[in-house]
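S.K.: Can you keep this structure in mind? I'll have questions shortly.
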């Protein structure tokens, strides 16, 4: 009997944990029981929710600052209650949103080098919810659009640029566990504590479809895939962990429903639209399972399992812009352990060639928004603007004078635009305008004590240079004197040798004359 082997570029994907010196240690990981990933990463920073006395906080570390953290590590700590969820803005790597038990959503702006002291002043506070906010989610294509969901069963879509709510969705009878935008941000998918999966029109708040997600009472998760399908994780009646694949037209009839194990940790599905791979990371698990979604039966193909010795508390997935294409890295995760270690895990596809592998890296989602907040609210949809990773590590950024225009109010989160070589998706019917900035970032002022410290270091360096220059001149002069004395001594020795030779010659002549006289 012959067996047909499935053809795929990602049948052999291997995970590698980086050494401890390239990870982050001594993190006071949050002890909150809320089902959140507690970690968010982007190509510049890694952020982790931590324990904090007297309120809620999270740390933000540049990717290059690895190793053991000091006990007095600066934090972002403006919340009055524990932080439950954080999310980096997909269009600005310096902006992060956080939701907390104090019922407030805050948006922060992080300097490029990270924070040098505790940050307590946010750029904007979004106040609407009456109970704790456990979910924050940015829109994938529209500029300044942020979604938040709280324990008051309310979902609010904000225009962060002016700090006001655009849309209020009140269709959930219980706590919202998860939310996900589709590829162009025109539809919203939510899972709720009432065990239902809802497909919602985000502009009107109307329910398009709803169905039972998983029959278990524990938390479920749902995400949109690039092609429009829906992937969910949850529990059965017997508390067995499951995953399913569904069509948005028939939510109540899953294409695939598979039982994994009997663990009680909530599974977080992390999706890579470029490779159609899904990584299942369970809270409290010591493994990461990964699958490939295809159009062939059984549609969800198991690939492998990455095993670690310690259970994970939280996990964050790096956007494809932050992966290292030189080593064929297709995904990268930052995994939080209960011991306080944030471990970096690299998923790679082995290749012998060191050239750019175009089949592994199709054009991916960039950091430039496709539509403005006002245009999206008025009904305009656009697929994400795509970029090539071949030359992305050397982008060309040119400032432009364009600014965001929103309802006669200034944008409080402006920065210079990023002008990169981009490609528009072939299915994108809306031609994106010239790259506009998401935020015009105000120039960060440097504290006086840091300026004084730099000036003192420069003064010391100048003094040291002058001291070394004087020493070098003295050594050169001494070397020149030694050379002159050596030459003089050599000349005197030559003269003395010549005189001795003359004396010997004269003596020999004298002896010769005396000998001749005796013979006569």
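Any Cβ shown, glycine's included, is placed from N, Cα and C.
A TrEMBL annotation is a machine prediction, not a hand-curated record.
In case it's useful when we look at the structure, here is the feature table from TrEMBL:
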type	residues	note
DOMAIN	2-67	domain 'DUF1899'
REPEAT	76-118	repeat 'WD'
REPEAT	126-168	repeat 'WD'
REGION	409-446	region 'Disordered'
COMPBIAS	418-431	compositional bias 'Polar residues'
REGION	477-520	region 'Disordered'
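Map these features onto the structure and tell me what's around them.
M.R.: The DSSP breakdown of the repeat 'WD' (76-118), given as helix, strand and coil counts, is 0 helix, 22 strand, 21 coil.
When pLDDT is averaged over the repeat 'WD' (126-168), the result is 95.
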S.K.: Determine which residues of the chain contact the repeat 'WD' (76-118) at the Cβ level, with the cut-off under 8 Å and only residues 6 or more beyond its ends counted.
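M.R.: Residues 30, 32, 34, 36-37, 40-45, 47, 49, 52, 55-62, 65, 124-127, 129-138, 140, 143, 146, 148, 150, 158, 160, 319, 365, 367-369, 413, 415, 438-439, 441, 444, 447, 450 contact the repeat 'WD' (76-118) from elsewhere in the chain.
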